[in-house]
Amino acid sequence: MAFLLITRRLACSSQKNLHLFIPGSRYISQAAAKVDIEFDYDGPLMKTEVPGPRSKELMKQLNTIQNAEAVHFFCNYEESRGNYLVDVDGNRMLDLYSQISSVPIGYNHPALAKLVQQPQNASTFINRPALGILPPENFVDKLQESLMSVAPRGMSQLITMACGSCSNENAFKTIFMWYRSKERGQRGFSKEELETCMVNQSPGCPDYSILSFMGAFHGRTMGCLATTHSKAIHKIDIPSFDWPIAPFPRLKYPLEEFTTDNQQEEARCLEEVEDLIVKYRKKKRTVAGIIVEPIQSEGGDNHASDDFFRKLRDIARKHGCAFLVDEVQTGGGCTGKFWAHEHWGLDDPADVMTFSKKMMTGGFFHKEEFRPSAPYRIFNTWLGDPSKNLLLAEVINIIKREDLLNNVARVGKTLLTGLLDLQAQYPQFISRVRGRGTFCSFDTPDEAIRNKLILIARNKGVVLGGCGDKSIRFRPTLVFRDHHAHLFLSIFSGILADFK
């Protein structure tokens, strides 16, 4: 019934709200509020502060059964559409955060609503199988239509999961098994290995490690948390492993003015990576793999050059380490290529690549040589969700049909240019503007100013996200257009002009 209601509302989308006033903000012209996708609104519409009274009441109720302090507001997903998120108090906001970068083609896309209503798809949404032992007849076909159609170069193997953390966690396990298999050679498991692994001892449980970078975020499960170094609150009180942590480059901006400094900074970090690999080998805690994000997201939208990643890949190969690229947040098209690591121009592809968020399901691609040697070694009950593969196949069709990767590249230039203009106009509030595609960000003077700007923007009808200590990040959908960027820039310019 909910999807029928959504479809009826989408059919009435031509009845637009033509007056766009945001309390306390400048008037936004109708040209800026142009609608060019059939299921979008024409602009923000604010009725209360956010969170409003209904959200506050629901937050209070939720807090009686769990800690709800992280909740921003409650949403009305039936009324949300396109690039606009509607809350339970009727506030309609331009969403440039898109559920922490996880909404690919906007809210309630008509094609997805239609897909859900088709009778032949009902059983896929009703029945969630244990895919590792009882997959449905069309499972292989749907994987080919969805995930395998966008498989990264050099990776023919795929394992689906439910989220980003379990994707990275199982990718680590895959790397450890691969590395031990190389050491073991052709022989099978020894009696000693089989016995000692049951009591968490060597040689059955070898003391391998994964090298990660300071500022990284790879998830919150035990193995992933050992490679996550973005915020202390994620890690405090949780036992962890002695695994190596390398510095990630801290680039100076504008890039063209600091070429030499940035090259030296990247060289310093790469040298430290090699030193740590050698150090941990001597400690008998061999680095089996290196994990890196194409852009450190939660840690502050930290970038490095394509050359840095090419050299990092060379170091991994030189020392026999697996090279794992975490595309959980950067994957799915938001940098202007389907996978952000495609920008690097690697001669030798990465060994393993994890994904989630905009891909609507989790999992990882890997090279043939990383294939598990026996069943149940990489396994859980669900191993993903076929209904998400069904939706993803249609999302990928829309990305191709509407040329959304080029849209992201084009609109990203509009957004980045506008942010640079605001930086020139308000250098006291904005610095280090950076981005790739619409995956953009900038720094503010401190955390307090950053948080205040995000709250003011929300009450003006724009949802933004924070990251790192003092950065604001942009994570719009792939159907974010030029006029959405201009609309945001107009609103945010007014905020900065009045900011105290």
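Here the Cβ of each residue, glycine as well, is placed from N, Cα and C on the backbone.
Feature annotations, courtesy of Swiss-Prot:
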TRANSIT   1-28  transit peptide
BINDING   Cys163, Cys166  [2Fe-2S] cluster binding site
BINDING   Gly164, Ser165, Thr381  pyridoxal 5'-phosphate binding site
BINDING   Arg220  substrate binding site
MOD_RES   Lys252  N6-acetyllysine
MOD_RES   Lys279  N6-acetyllysine
MOD_RES   Lys318  N6-acetyllysine
MOD_RES   Lys357  N6-(pyridoxal phosphate)lysine
MOD_RES   Lys413  N6-acetyllysine
MOD_RES   Lys452  N6-acetyllysine
MOD_RES   Lys470  N6-acetyllysine
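Sequence features annotated in Swiss-Prot and their locations in the structure.
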{"residue": "Cys163", "record": "[2Fe-2S] cluster binding site", "Cβ contacts under 8 Å, 6 or more apart": "Gly219, Ser356, Gly362"}
{"residue": "Ser165", "record": "pyridoxal 5'-phosphate binding site", "Cβ contacts under 8 Å, 6 or more apart": "His218, Gly219, Arg220, Thr221, Cys224"}
{"residue": "Cys166", "record": "[2Fe-2S] cluster binding site", "Cβ contacts under 8 Å, 6 or more apart": "Gly219, Thr221, Gly362, Asn380"}
{"residue": "Lys252", "record": "N6-acetyllysine", "Cβ contacts under 8 Å, 6 or more apart": "Phe258, Asp261, Asn262, Glu265"}
{"residue": "Lys279", "record": "N6-acetyllysine", "Cβ contacts under 8 Å, 6 or more apart": "Pro244"}
{"residue": "Lys318", "record": "N6-acetyllysine", "Cβ contacts under 8 Å, 6 or more apart": "none"}
{"residue": "Thr381", "record": "pyridoxal 5'-phosphate binding site", "Cβ contacts under 8 Å, 6 or more apart": "Ala130, Gly132"}
{"residue": "Lys413", "record": "N6-acetyllysine", "Cβ contacts under 8 Å, 6 or more apart": "none"}
{"residue": "Lys470", "record": "N6-acetyllysine", "Cβ contacts under 8 Å, 6 or more apart": "Asp443, Thr444, Pro445, Asp446, Glu447, Ile449, Arg450"}
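Comparing the recorded positions Arg220, Lys357, Lys452 by how many other C-beta atoms lie within 10 angstroms of each C-beta, the top residue is Lys357. Of all residue pairs in the pyridoxal 5'-phosphate-binding list (Gly164, Ser165, Thr381), the one with the greatest Cα separation is 16 Å apart. Note: Gly164 (pyridoxal 5'-phosphate binding site) has non-local neighbours His218, Gly219, Asp326, Val328, Gln329, Thr354, Phe355, Ser356, Lys357, Gly362, i.e. same-chain residues 6+ apart with C-beta under 8 A of its own C-beta.
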